[in-house]
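TrEMBL has this to say about the protein:
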ACT_SITE  B:Asp211  active site, proton donor
ACT_SITE  B:His384  active site, proton acceptor
BINDING   B:Gly63, B:Asp65, B:Asp460  Ca(2+) binding site
BINDING   B:His88, B:His90, B:Asp92, B:His93, B:His156, B:Asp178, B:His406  Zn(2+) binding site
DOMAIN    B:35-230  domain 'Metallo-beta-lactamase'
REGION    B:577-605  region 'Disordered'
2 protein chains.
Amino acid sequence: MKTEYLKERKVIMRKLKINNNEVAFFAVGGLGEIGKNMYAVQFQDEIVIIDCGVLFPEDDLLGVDYVIQNYDYLVENKDKIKGIFITHGHEDHIGGLPFFLQKVKAPIYSGPFAISLIKGKLEEKHLLRETEFHEVDEFSEVHFKKLWVSFFRTTHSIPDTLGIAVHTPQGTIVQTGDFKFDLTPVGNLPAPNMQQMAKLGEEGVLLLTSDSTNAERPEFTKSERWVDIHVRKVFQRIKGRIIFASFASNVYRLREASDEAIRQGRKIAVVGRSMENAIVAGRELGYLKIPDDALIDPSELNSYPPEQVMIMCTGSQGEPMAALSRIANGTHRQIAIQPGDTVVFSSSPIPGNTTSVNNLINRLEEAGANVVHGYVNNIHTSGHGGQVDEEIMLRLMKPKYFAPVHGEYRMQKIHTELAQLTGVPKQNTFILENGDVLALTKDSARIADHIESMGNVYIDGRDVNDSVGDPEIRERRMLSEEGVVTAIAVVDLKDFQIVAGPDIVSRGFVYMHESQDLIRAANHEVFWAILNTFKNHKNIDRRILNRTIVSRLQKLLYDRTGRHPVIIPMVTIINGDSGKSKHHKKGHSKKQEDKSKAETPVTAE
Amino acid sequence: MKTEYLKERKVIMRKLKINNNEVAFFAVGGLGEIGKNMYAVQFQDEIVIIDCGVLFPEDDLLGVDYVIQNYDYLVENKDKIKGIFITHGHEDHIGGLPFFLQKVKAPIYSGPFAISLIKGKLEEKHLLRETEFHEVDEFSEVHFKKLWVSFFRTTHSIPDTLGIAVHTPQGTIVQTGDFKFDLTPVGNLPAPNMQQMAKLGEEGVLLLTSDSTNAERPEFTKSERWVDIHVRKVFQRIKGRIIFASFASNVYRLREASDEAIRQGRKIAVVGRSMENAIVAGRELGYLKIPDDALIDPSELNSYPPEQVMIMCTGSQGEPMAALSRIANGTHRQIAIQPGDTVVFSSSPIPGNTTSVNNLINRLEEAGANVVHGYVNNIHTSGHGGQVDEEIMLRLMKPKYFAPVHGEYRMQKIHTELAQLTGVPKQNTFILENGDVLALTKDSARIADHIESMGNVYIDGRDVNDSVGDPEIRERRMLSEEGVVTAIAVVDLKDFQIVAGPDIVSRGFVYMHESQDLIRAANHEVFWAILNTFKNHKNIDRRILNRTIVSRLQKLLYDRTGRHPVIIPMVTIINGDSGKSKHHKKGHSKKQEDKSKAETPVTAE
């Protein structure tokens, strides 16, 4: 299967099927989904890439750390790539760079905050030295042969967010990046530059590709100023220690919390590496106003009364290894929940994290903390604009053609309707999928081609070479939906004897104590599978053995239960040619388990 | 009093106390209040006026039809006035023109919808022929010697609303007019031109003077598109006749109702002169899409089943003479409420009208109609932007200096805070009052002068010469709060006899049947006042007689009740020198009563 999959991917080595005078816009990620954004504008032999993110899998992608794009087309055409333009420093926009840059060398153009985050990532992969960086701001221009790129300042939940305009001989293609119109940002953080957007609109935008995340919300997204007011109110009610949890990259939120803590005379202890980095970067770039003497080391916390400290930490999404989870579990080295502590979640759970966040809150409350939730207490607002923000962008840009990006299909669809309500003719709007190639001239647009972009690449280690394919994921999903049945046996090749087992162990399939008949029957099938294999093949072929066990068990279990559990044959062979037990497992973490299963694709055939 | 008041107004005949290089912005109406907007920009010998509205008095200005500005300064300097620029056709922006144009001849610059409304007004006053009109749109420019004026398209609850930019040698002064950012207006009505606003901002706005009406609402004002959706929903539930009431000038609303009625196969009958005019104008200008055969005469209503007709009428504010009140009262010539009728109020009561609207609703329901209210059913939205709209304007204009207009003090104050949150330095914001003269250069602003603008002019007839002063209004307020006591007597001068009375009639003071003692005592006081006056003055002096009656009654009534009713002596003298009864009243309408009282100021001394 895996081989076939790779072969299929080779087919796409080709040129775009567009006319020579047409400019192409396409996405290899970010359409029909929230995550792994990666957009490209191509005119003749020049390609400009916008963003290169990862997708964080939801619970149904078991054991997968990230999903990245299938960007084979771009790799094949890497000589045309002029640069990778980064709108902002969130993982779903920069997280793919450490993988992509292993395949393609291209300069990176980005604002300062994203650059500092990207550099950290590339350093881990030893890619930093060989990568060329160009720091840009809203007034920069980058000129290539026939394409040139300009920027416009927007606001989002991370500083230095830029929209990108790619100027082509056929007209200007605008990619908004993630945005909301925060008209009153906190501190000295800058506001959206509406003049730049209106000017692009006035000069003429051929194609607008705009953030669709909150297209389902019929509202104007509230400003961080509004959160600021409510953070103050919440803080003023808190008598004991404050444990403030939010995304480290949301420097706005860190600003609001630190300003108010300092006003209250609290010292600030920072916990968690990404939070430490964010505080350092935020202070360096002038976004945070925390004087040296307001910062203390977590080890000093006990020297201050509870009402004089605030702990800022990561882990607001319930990430098990982040500081807040460890604090909740009592496994943090320096910090334990005390009675009177208040944990402030200045965040809301990302879909898919709801359960882990709820569990975290339960554990915090069990440990004696008060918990203040984000949306309920008005101490969170989205980084993405709602329908009103999206309409403002449309009215400012007045695009001739429109393609909603950064969203699932239903969000793209509503966003397209908003475009029509703001004057874009229906036939000029396009709900694209990843891989669709929109070919444009100054007075035409059509979906002219489709490059292979499906077959997502799943990363469950830390390197692009750990990638697994769609079939594996399909199997893992089945695992989670139908359960798993493991058949264990030890066969001694010396005297062709089953010296242990067969035993049947199941998880998530049937309750074993109530299914003794079924288990006995399964045992029987495995026994006969082993004996038959031995009978037919003197020198045992493990592949045939496994396949036989699987097919016999599959038939039995489906006949009796109507279900298709994942079947894992674990036959250990002793005194054979290899002389080694192949399936003996040492690790016990979930991830390692999942990986070992992935290495034994059984049902995928 | 009245003479003194007029004398006081003569004092202000003077020049502005500003430097020759400074440009002045001031209001004679519209600041600290909602209504009678009238703003002016003056540079040296050129004055540009923006709007000329009236204020509709609330209930505490009894018997007053309109309040207009004290614009003596402008009248005195009428030779400098280059033009009157009208932002839109609402009464609080154009209603003062028939009065002002009697004093000052100046050309009017305005969009087409307002011009048609103004022409109607001036025709009534026979001012139409002598007035010069210039129809402008968002792309017009009007050049004078050193000032020139440009426009930008906004949206409001009436079509053809324009913001105005006055370009001066020191910089550009922007007056937004009334606005909201309706990004998705209904029908083919145009959206705000954000490019024009951003361009003004990019080129540099010296002073922004912006609509503050909804500065207390922390929201983005909903689009008419949203109302449209809910009008449809409401209409779809209605089985019988629909009686649709809204402001005639809100052509957006008329569009929504007529489109949906036509979709439902209903014929439309239009009732009320201003509604008829609005339908004609709206169809002419292409804002309404009502085919000829969808319109029927109200007399034809009974030829159609109830589910096939809609009546569009005026009177949504409970105006007693408007169609809807007459329908509710059963006094309308052609239309009476039938069981099954549904009256849809696509409006909300203007503050001050709440009581009369509630009364109207009660009467409609008593007559058997269902009533659908505006805000509750989402079939009304404000024409003025909330805080978000105001912030968008501020961000687009990026003004150096800011002065909130069109609002009461608390709205101006909040609007000033919004300006500061969007980057205008606090010392660059000015909460002006009517008459304050803000003097600006390209890098300075100060309140340099104050012209007399107080002493509002109250119009209770239909002409500027019917104006009454502040003291009269004070008296009328007392009348409403403390009641009125009228002393009536007839004195025959031939034989110095009281031939009838004295009788005491009171309204709103005490319940007479329970106060016989007090009435008797009052009678006694009047009797003695008349006798004493006769005794001391052979040829009776009416002024002295009245004053004596008032002072005796005042003392008595205050001693006994602690209250200060308005006292009206109505002594009719027969066979005297004048030989005529002076106080005999014929009219019985409230208005006429109020007028006659106003001509007899008694307590004001």
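Start at 1 and count along the chain as shown; that gives each residue its number.
Cβ atoms are placed via backbone N, Cα and C, with glycine included.
In this view, the residue listed as 'active site, proton donor' is surrounded by 30 other Cβ atoms within 10 Å of its Cβ, with every protein chain counted. Geometry remark: the residue listed as 'active site, proton acceptor' versus B:Asp178 (Zn(2+) binding site), CA distance 6 Å. Taking the mean position of the Cβ atoms of B:His88, B:His90, B:Asp92, B:His93, B:His156, B:Asp178, B:His406 as the Zn(2+) site, the remaining residues of that chain whose Cβ falls within 8 Å of it are B:Asn37, B:Asp51, B:Gly53, B:Thr87, B:Ile158, B:Thr161, B:Gly177, B:Asp211, B:Gly383. Counting in whole angstrom, B:Asp178 (Zn(2+) binding site) lies 6 from the residue listed as 'active site, proton donor' by their C-alpha atoms.
Within 10 Å of the C-beta of B:His156 (Zn(2+) binding site) we count 28 further C-beta atoms, all protein chains included. Put simply, the residue listed as 'active site, proton donor' is 14 Å from B:His90 (Zn(2+) binding site) when counted between their Cα atoms. B:His406 (Zn(2+) binding site) sits 5 Å from B:Asp211 (active site, proton donor), taking the CA atoms of both as reference points. Cβ neighbour counts within 10 Å, taken over all protein chains shown, single out B:His406 as the most crowded of the recorded positions B:His88, B:His90, B:His384, B:His406. Taking the Cβ of B:Asp92 (Zn(2+) binding site) as reference, residues of its chain lying under 8 Å away and at least six apart in sequence are, in sequence order, B:Ile34, B:Gly35, B:Lys36, B:Asn37, B:Gly53, B:Val54, B:Leu55, B:Phe56. Cα-Cα distance from B:His88 (Zn(2+) binding site) to B:Asp211 (active site, proton donor): 13 Å (rounded to the nearest whole number). Annotation note: B:Asp211 (active site, proton donor) sits in a strand segment as assigned by DSSP. Summarised as a single figure, the pLDDT of the domain 'Metallo-beta-lactamase' (B:35-230) averages 92. For B:Asp178 (Zn(2+) binding site), the number of other Cβ atoms no farther than 10 Å from its own Cβ, over all displayed protein chains, is 24. In this structure the C-alpha atoms belonging to B:His93 (Zn(2+) binding site) and the residue listed as 'active site, proton donor' are separated by 12 Å. Between B:Asp211 (active site, proton donor) and B:His156 (Zn(2+) binding site), the C-alpha separation comes to 11 Å. According to DSSP, B:Asp92 (Zn(2+) binding site) sits within a helical segment.
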